[in-house]
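Taken from Swiss-Prot as is:
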BINDING   GLY76, ASP77, MET78, LEU79, ARG98  substrate binding site
BINDING   ASP99  divalent metal cation binding site
Amino acid sequence: MQHYVTPDLCDAYPDLVQVLEPMFSNFGGRDSFGGQIVTIKCFEDNSLVKEQVELDGKGKVLVVDGGGSLRRALLGDMLAEKAAKNGWEGLVIYGCVRDVDVLIQTDVGVQALASHPMKTDKRGIGDLNVVVTFAGVTFRPGEYVYADNNGVLVSPKPLKMPE
């Protein structure tokens, strides 16, 4: 597992990276994570999140545009454990998570807005691998995202930690 330090990436690639507005907190068991972006756009329905974490996620980060909803949790312990088991590097969720005491012990990165105990409805509604924009940044499938306790940033190309 590669360790990323976002301030060092910003210093090394100032013209390449875009930094998200500082509204995310780290809820996962990894302090830092990064990888190729897979996007989901959904609202209070995590059907596609469930579907994607069951697939191989090696080298990938699931970016979920949940519309910023603070009324339902798009990720909980069971889906986080599936994501870890299937090799996902992490998830960036523009929305809420739950089961935070378990998430922090799960070997996957999780950045989200807040915690909320209510689960979502599963209606099968959402879009996969579409361009999404939140926190002042646009996420394109196939580009790259990096996160740590300092923040979250996006790059059109893979980044290497400076020596």
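Quick reminder: no glycine exception, Cβ is built from N, Cα and C everywhere.
Positions of Swiss-Prot features highlighted on the structure.
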residue : record                             : Cβ neighbours (10 Å)
GLY76   : substrate binding site             : 21
ASP77   : substrate binding site             : 16
MET78   : substrate binding site             : 12
LEU79   : substrate binding site             : 24
ARG98   : substrate binding site             : 23
ASP99   : divalent metal cation binding site : 20
Residue pair GLY76 (substrate binding site), the residue listed as 'divalent metal cation binding site' - Cα distance, angstrom, rounded: 5
Max CA-CA distance, Å, over listed substrate-binding residues GLY76, ASP77, MET78, LEU79, ARG98: 11
